[in-house]
Amino acid sequence: MRAVVELLAGARRLVIFTGAGVSAESGIPTFRDALGGLWARYDPAALATPAAFADDPALVWGWYEWRRLKVLGVQPNPAHRAIAALSGRIANTRLVTQNVDDLHERAGSRDVLHLHGSLHAPRCATCAAAYRDALPDSVEPEEGRRIEPPRCPACGGQVRPGVVWFGEALPEAALREAFAAACECDLLLSVGTSGVVQPAARIPGLALEHGASVVHVNPQPVRTRHPREHCLVGPAGEVLPELLRRAFPG
C-alpha cells in the first residue's frame, strides 16, 4: 500500500470511478441479485428496457420504485465517506459513478457524474422534462407491487425512471466529461467496479494512456498489465479509509 499512499498524497488531479461494489457494502442488492415475490418471475435485464416500459409501465415503474425505496432504507458506508473526504483534501477531484443510487451525495460528495442515470431523477418518457414532484418515501412491500407511473405536468406523458436502460446510450455530456477527466488526471481510483461494462470501462484505460497511475480497489484481485497500475484487495469500506488516513494524517 505504501506506493499507493505516496501516489495519493502527491495527486493534484484525481478521478474516482465507482461501481456496484461500493453500494453493495451498504446492503444494496446488485442488479442481478436474486429477487423474491413478484420480481422472482422476471429477469432484471428484461425489465430494464424501453420495450418493457412501453409494454407494461406499471410493472417497470413498480420495480424501480421498489429499488429506489430500498436505497432510501440504507446509509452511506465508510467508502462513500472516505471518497467525499478525498475531495476536501484534493481540490481537483472528479467523482464518476456507474451506480444509480444517491449514497455518494448523502455522504457529502458534490457534482457526481452518474453515467447510468439515477433512481432519484425520473423524467418524462415523452418530452424528457425532469419530474420534480416529490416521490413517496413509504416502505414498499417486500414482495413488490405494480404501480402506475405519475404523469408529466408539462405534457401529460408517463414519467419513467431516470436510469439508462439496455439499448440506450449513456448520457453524452456525462460520458464526454468523464473521458476528459480521465485524460487529464494524474491518479485514478477505480473502486468496486468489474471493469467490463462498456463504454464506461474505457475510463481507467484512458487514464493510463495519458500518463496517469490507476489504482483498483476491489474485494477480488484485479489483473494489472501496466507498471503504473496497482491493485489493493479488500472491501472498499476498509481500504479507502485506511488509504485516506495514511495519505493525509492528522
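Just so it is clear, glycine is given a Cβ too, placed from its N, Cα and C backbone atoms.
For H116, the entry in Swiss-Prot reads active site, proton acceptor, with the evidence type sequence analysis. If you look up Swiss-Prot, you'll see 19-39, 98-101, 192-194, 218-220, A236 marked as NAD(+) binding site. Among the features that Swiss-Prot reports, substrate binding site is placed at Y64, R67. The Zn(2+) binding site annotation in Swiss-Prot covers C124, C127, C152, C155. Summarising the annotation, Swiss-Prot assigns domain 'Deacetylase sirtuin-type' to 1-250 and lists sequence analysis as the type of evidence.
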Cβ-based isolation winner (fewest other Cβ atoms within 10 Å) among the binding-site residues S23, N218: N218
Of the recorded positions listed as Y64, H116, C124, C155, the one whose CA lies nearest the CA of G19 (NAD(+) binding site): H116
Length of the line joining the Cα atoms of S23 (NAD(+) binding site) and R67 (substrate binding site), in Å: 13
Pairwise Cα distance for Y64 (substrate binding site)/C127 (Zn(2+) binding site) [Å, integer]: 20
Around the Cβ of W39 (NAD(+) binding site), the count of other Cβ atoms that are within 10 Å: 18
Cβ-Cβ neighbours of G27 (NAD(+) binding site) (radius 10 Å): 12
